[in-house]
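Per TrEMBL, active site, acyl-ester intermediate is recorded for Ser66. The active site, proton acceptor annotation in TrEMBL covers Lys69. Annotation comment: TrEMBL describes Ser130 as active site. The feature substrate binding site is assigned by TrEMBL to Lys251. What TrEMBL records for 303-406 is domain 'Peptidase S11 D-Ala-D-Ala carboxypeptidase A C-terminal'. Residues annotated as signal peptide in TrEMBL: 1-21.
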Amino acid sequence: MTIKIKWFLLVLGLFVLPVSAQSSAYAATVSTSQPVIYAKSAIAVDADTGQILYEKNAHQPLAIASISKLMTVYIVQKQIQEGKLSWNDQVKISPAVAKLSTASGLTNVPLKSGKSYKVRDLLKAALIVSANAAAIALGQKVSGNAQNFADKMTKTARGLGIKDAKFYNAAGLTNKLTGSLMLKKDSPNAENLMSAKDIALLASRLEESFPGLTKITRQTQMNFSGNSYAGHNQLLDDRQIAKGAVVNGLKTGTSDEAGACFAGSTTYHGRRIVTVVLGARNNSATDPARFIQTAKLMGIVFHKQHPVKLAMHVHINELGTTKVPDGKQTKTKLVTKKTTWVWVPKSISQKQVKGKFVKTPKKLNAPIKKNKSVASANLFYDHHFLKYLNTFPDQVDLVTSKTIEKANPFVLFWRALSRLF
């Protein structure tokens with residue numbers, strides 16, 4: 001861990017960062033009311049709900065380098081869940097992959113041509129050491145060749161609701177750096193592209209489907225074939241970014257086109273937070289800029305916001321009541337179907353979270369049972385509506401708060417008569 005990183009994390013509790021520490025070339029177009037993230041793109045989300053807690057240029061597809069390996073790991077994990085692959089399956093290394101594993105200038109663990117390695121070991125090498133050839137070998141195991149796996153990455157992305165991503169290989173290398181594995185129909189300079197928002201979506205779904213993921217990504221080093229290799233995540237040496245916040249992953253990425261990138265994962269008071277920083281400064285292999293910006297991004301969330309609980313069967317402010325003209329009771333409150341958590345500024349309390357109907361009948365017809373789903377609502381505070389990642393629910397479901405029987409015919413006749421006068 002460099003002195004610069006340790007110094008930053010020490011002062012993060014005071015939430016101070018000298019702006020001069022970063023080049024003006026990375027100036028952010030964000031509100032001056034919050035600290036600037038010096039990167040081309042950034043986002044922070046609640047991984048469980050998909051709520052967006054911070055974003056800067058998060059929709060633009062950019063080069064992502066080795067962050068691509070998260071998609072490779074997601075596909076491998078899905079193959080294992082579906083019984084098409086197992087952790088102990090052997091992966092035989094082709095001559096092309098073996099040559100790639102010792103290529104100058106690339107992060108790798110050396111792989112021997114004709115030798116077999118366990119899926120588990122190759123996956124750990126891809127995540128912890130960012131071993132490029134290990135990721136390529138996994139792609140070959142799943143799909144047979146580089147083109148087929150690139151197509152599978154694209155198809156998997158579409159299935160997750162990710163539409164703008166482009167994939168050329170399992171490792172995130174520039175096409176020409178894959179040697180004889182290069183896709184001939186694509187530009188030699190082609191490189192995997194995703195937006196920060198889509199990376200956050202992928203990382204959230206990956207953590208959800210792969211509970212053991214962070215047990216791997218929190219490791220600072222690993223042993224492979226009798227040798228020790230260091231990881232690249234500098235934040236793991238100082239795990240507590242803020243009180244109650246522990247960094248446990250996820251993946252770095254670096255290339256000339258991508259700059260320095262990092263997809264981070266942390267837990268804070270029981271909430272899983274995913275952060276993405278793309279295109280941070282990259283002056284050297286050990287430049288800590290991406291980690292400084294990630295720590296600052298986490299700080300924006302932890303020091304400025306807090307999660308509040310909307311319990312099950314709670315009535316949300318400003319939703320009022322719904323009419324039940326033919327019921328024994330002529331109106332009822334609608335309440336939340338299940339417990340949910342939302343992030344709001346620390347100055348906002350749970351009672352200040354309000355709702356606006358998205359789907360609701362103007363009236364309900366009796367008889368109607370308690371807990372019947374009848375409506376949904378968007379949540380907001382101080383006229384700011386909460387925003388969510390694509391494919392995550394952006395509304396809360398509402399149900400009836402009690403059972404209402406139908407009024408007898410005499411009561412209904414009297415009501416109808418009274419409306420005439």
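Each residue, glycine too, has its Cβ placed from N, Cα and C.
Because the structure is a prediction, the values reported are computed rather than measured.
A simple way to gauge crowding: the CB of Ser66 (active site, acyl-ester intermediate) has 28 other CB atoms within 10 angstroms, across all the protein chains here. For the pair formed by Lys251 (substrate binding site) and Lys69 (active site, proton acceptor), distance between Cα atoms is given as 8 Å, rounded to the nearest Å. This prediction places the mean pLDDT of the domain 'Peptidase S11 D-Ala-D-Ala carboxypeptidase A C-terminal' (303-406) at 92. The two recorded residues, the residue listed as 'active site, acyl-ester intermediate' and the residue listed as 'active site', show a Cα separation of 7 Å. DSSP places the residues of the domain 'Peptidase S11 D-Ala-D-Ala carboxypeptidase A C-terminal' (303-406) in helix, strand and coil in these numbers: 5 helix, 48 strand, 51 coil.
The residue listed as 'active site, proton acceptor' sits 8 Å from Ser130 (active site), taking the CA atoms of both as reference points. According to DSSP, Ser66 (active site, acyl-ester intermediate) sits within a helical segment.
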